[in-house]
Amino acid sequence: MQDSLTLKPVDYIQGKINIPGSKSISNRVLLLSALSNGKTILKNLLYSDDIKYMLKALLKLGIFYKLDKKKSKCTIYGISDAFSVKNKIKLFLGNAGTAMRPLLAILSLKKNKIILTGEKRMKERPIHHLVDSLRQGGANITYKNKKKFPPLYIKGGFKGGKIFIDGSISSQFLSSLLMAAPLAELDTEIIVKNQLVSKPYINLTINLMEKFGISVSILNDYKHFYIKGNQKYISPKKYYIESDLSSATYFLAAAAIKGGSIQINGIQKKSIQGDINFIKILKQMGVSIQWKKNSVICKKNKLLGITVDCNHIPDAAMTIAILGVFSKKKVYIKNIYNWRVKETDRIYAMSTELKKIGARVITGKDYIKVYPVKNFIHAKINTYNDHRIAMCFSLISLSGTSVTLLNPKCVNKTFPSFFKNFYSICHYSNINKNI
C-alpha cells in the first residue's frame, strides 16, 4: 500500500459486510490455547500484525500451530502449563499491547530469561503498573532501558498471593494478571485501586477463561477478584471467534452518516464484546438499528449530538468523535483518559487532525468535545501509525470532500482488509472508484 491514500467523496453507502474476528479475543484465545491441554481449533481468527506478533512469540516459546490457507483457522497444540524456556530469548512484539501485557504476566510464572521488546511507541507506553503488581507476587522483572517502560527482562518467580493493581490506566493489566493467576503456586487475591477502566474487557477475559475451564470470583463490584492457584487450563477443543465489534463501528457509522443501509454479518445482540454498546449509543443519537439472528442492519436517520461516558468503550469512542462533525449538535465524550496511553495520544491526535478538516474541538485531560462542521476542508491526515486514526478519518470522505490519509498501511495492525471492505460499500457518482 502506498505512503498516502486519497479517498474521494462518496455519494452514498449501501451493502453487506463480513468483519474479521476480534483482535482482543484472537490474542487471548491463542494464548489460552497454548497454555491448555492438547489441540484447540480456533475459527474466524483475525490475521493481522498484532496477531502475527503473538503467533511468532508462541513459536519461539515452543508452541506448534497450523494455519489454513485463508489464515482464518488456527490449530494450536497446547503444553498444559506455563512457558519455561532454557535459553535466553528476545520476543519482539511490535506495538501489540494485547501480546505484550499478557505475555509479561504468563512468562513471570516460570524460571525464564526472556526479554520483551517492541516498536518505538511500545517503549513509550507505561507498563509499570503491571510490573509492580507482578513483583508483589514475587516476579523478578527488570527494566532494560527506561524505568516504567519496555523493554523488560523477565526471570520468573510470580507465585500469586495478595496483589494490588491500579485499574485506572488499562484493563489489559488486570486481564493479564487474571490469566496468569490460575497457573500460580498460590491462590491469588487481586484488589483493584482507583476506577476500573474498560470493564467490559475484564468481563471478556473472564468469559474466555471460563471457556477454558477456569472460574474467577468477582467481589465488591469489580474491586476484588479471587482465583485459585495450581490449576490447569482445559481446551474447549473448538472455539469460534466473534467478529470484531471495534472494527464494525466504522461501517455502522458510515451508514449513519451517508446511508443507505449496512448489514454487518457475524454479530449478535448478546455479544461478549463491550463495544456492543456502540450500537446502543447510535440508537440514542437517532440512528435506525435492526437486529437479525446473526447480523445487524444500520440505516441513516437523524444524527443527534450526545454527551456520553466512554470509560468502558475507549476504542469505539473514537468513531463517536468522528460522528460529531456530522451530527446536528456537539458530541461530548468524557472519561477517556486512557486514550492518552494507546497506540498514540489519541486525544491529542484526534483533536489535531479534526481541526485540519475544519472542526471546532475542545479537549481536556480526559475528554473531547467535537462540534458539527458546515464546510469541510480537504486535509492530509497524519495517522500517527495508529490503525484507528486511519479508519476513523476514512469516514471524512462521506462529507462531500476528499481526504488524504498518510501511512494508511497502519490498518494492518488489526484490519488488513479494511479499505477493500470500505470500498465495497461506497457508491460514487460521476467519479471513478478509488483504487
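Cβ from N, Cα, C; glycine included.
Not measured: the values here are computed from a predicted model.
Swiss-Prot has this to say about the protein:
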type	residues	note
BINDING	K23, G97, R125, Q172, R346, R388, K413	phosphoenolpyruvate binding site
BINDING	K23, S24, R28, S170, S171, Q172, S198, D315, N338, K342	3-phosphoshikimate binding site
ACT_SITE	D315	active site, proton acceptor
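For the binding-site residues given as K23, R28, R125, the lowest number of other CB atoms within 10 Å of the residue's CB is seen at R125.
If you take the Cα of R28 (3-phosphoshikimate binding site) and the Cα of R388 (phosphoenolpyruvate binding site), they are about 20 angstrom apart, rounded to a whole number. Here the C-alpha separation of R346 (phosphoenolpyruvate binding site) and S198 (3-phosphoshikimate binding site) works out to 16 Å. G97 (phosphoenolpyruvate binding site) sits 11 Å from S171 (3-phosphoshikimate binding site), taking the CA atoms of both as reference points.
With the residue listed as 'active site, proton acceptor' as the anchor, the candidate binding-site residues are K23, S171, N338, R388, K413, and the one with the nearest CA is R388. The number of other Cβ atoms within 10 Å of the Cβ belonging to D315 (active site, proton acceptor), over all protein chains shown, comes to 24. For R346 (phosphoenolpyruvate binding site), the number of other Cβ atoms no farther than 10 Å from its own Cβ, over all displayed protein chains, is 25. On a Cα basis, N338 (3-phosphoshikimate binding site) lies 19 Å away from K413 (phosphoenolpyruvate binding site). Neighbour list (S171 (3-phosphoshikimate binding site), Cβ cut-off 8 Å, at least 6 residues apart, same chain): L196, V197, S198, K199, Y201, I202. Between the CA atoms of R125 (phosphoenolpyruvate binding site) and N338 (3-phosphoshikimate binding site) there is a gap of 11 Å.
Taking only the Cα positions, the spacing between N338 (3-phosphoshikimate binding site) and Q172 (phosphoenolpyruvate binding site) is 11 angstrom.
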